[in-house]
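I have placed the structure first, in the form of structure tokens, so that the comments after it can refer back to it.
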């Protein structure tokens, strides 16, 4: 994840002159205590500043005791694996991840996550069902890749029969499913120890850990090993060729294709601290100093290495190559991701077969006041099936869904891309009225034709065509939206060599979600009235801005603009619809023309041959584990409140007082799509255009500031909203950028990233004070253009 998996770095205000105090590191063994004491001497003894935090080593019996000690303020920090991170985040502990381990991906790239995979000998197991009765090799009891993910997945797919903790411990059900196994750390389940080399489930068994579980498979003690990709890729090509991956859909692939054949993406081990008064700044000051010592080849400082005679993975994983701060608002669920959390939550339920809240009720996420009002009306008529959550923008809704604070939202293609990067999936597609045949059986998988992105101008503006748009006034549905932004601005950027400086092309615009002070917000009107309230909503990417979305962009064109970027049905829906708005009463569809990319002007209904692009319909997205429930509930609601619903006169899902609230008003029905991943739903052509477009602007970064004389790009993050930072740093953490390194200087946080094109990017998070902005300008004036950045 995210993604691109949002949140935010209050470490940006961290100066090196932190308050004088100590950082108490919790250790769980004599070996860890010795290493901690050694680090104190070898890494920090040369630090003379009286304000530098002192490292104090606190010895406890195990991870659980350390979690409790941190909660009780008897210690401050410990590094935990993903499974324990989630456990430590719950009441009464309320800890949170603050710093993530970086691990090498090869070729100089680093990552803060790994893939939980199932490895089998070639030709031995061809489906998930065939795992039944086989011998299994696990890294350890309650370990992420070796236990939580495979066991949780098998339970969720109803392959491993277990009805919850009331029916007994899950390990007893695993014992029945597999013939035998090796699960280091498990107690009182002898059959799950038979495959271990020692015949016991001792944590020090040679078959414990990633390398041990893989060796368990290779030595013939097991038929499947649940590990991560690193241990397999470290093997020789000849040895790897003897094995293959078993994907979570039952298919098989070569071990090198782990990125498309894994059971879950698991976040790296992370340092956790208290959510309140957690001393995150002091902990990072301490660790970043140690990282600097390592970078300067201070060989005595061995943060990530364990002495050969003292065990492995002491304090940190031996395989770690660096550390990176986790954004401040990123809690455990956001850090770990929805797929991982779902697998773990299944193993914690008392009963997994009966829960009315998960089978009959869903929580819809509404963006802005108008959608909230419609959602509340829906909820009141839904017999308790629909509840509502509210956010100011789409990406805040995505965060709520990832964190299980909401279940579903309808998105356009650009936001589907972001949602997919964060682990969400499309489950229902909007079917327009001209494809009503697909609504006969909405449960039957369909492939919709999608809609068409068009550029619209006024017929009387004869000088406006695609080739004369520079310097004109433009109207957009919102930044990040498909027809209103991604398609037209992607074309304009590439055809005019804008280098992503979008605000230099049009004279003035309304692009809701753009920086308020930029020319891209000049035409926006907020709520349309006078005074502060209208200004409050100006250029907001929701219905509070009257020029937002398709109808808003056309209104902008009528009242202020010269070109609008909308979908092919917008003109007729507004000018010929049953509820023609007052602002459109003096116009007809014949007052508009479409602009072709070849410079021609076309009749408004010639969109099949005169358009910018054909794109996918809007879709409902949710977390994978909630997909079937959301699908079931929404389709049942559609029978009552859809276009052909029995109670559509009471409430209509596809009609709105404020245009296109929750769903597009032109929707005939929602139907199950043939495509069940965001990649297949969006299509390869659109995906490629989006991947390229994110170099300039994505749902995370509004501007990427291009270097003029340097290969380095400098991005100033001043005064950013929390949700935007969350998405930005989730994307950094989930590998959308590579070689992420961090240093703190001059009261600001610097993040140096090398992206897939081998370009260096520097992200600077400033408190927003004018003096610091001037420092930024002075420091980077020869390398980059500087703007006040904003995140969406």
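Quick reminder: no glycine exception, Cβ is built from N, Cα and C everywhere.
TrEMBL lists 81, 114, 210, 269, 412, 618 as binding Fe(3+) 1, and of 243, 289, 451 the one it places in that same site is 451. The number of other CB atoms found within 10 A of the CB of residue 66 (disulfide bond), across every protein chain shown, is 28. For residue 145 (hydrogencarbonate 1 binding site), the same-chain residues lying six or more positions away in sequence with a CB closer than 8 A to its CB are 114, 115, 116, 117, 139, 210, 226, 227, 228, 266. DSSP assigns residue 66 (disulfide bond) to a helix. Listed in sequence order, the recorded positions from 365, 397, 524, 550 having a Cα within 10 Å of the Cα of residue 375 (disulfide bond) are 365.
The 10 Å shell around the Cβ of residue 500 (disulfide bond) contains 19 further Cβ atoms across the protein chains shown. Its own atom aside, the Cβ of residue 81 (Fe(3+) 1 binding site) has 22 Cβ atoms within 10 angstroms in the protein chains shown. Model confidence over the domain 'Transferrin-like' (362-695) is summarised by a mean pLDDT of 91.
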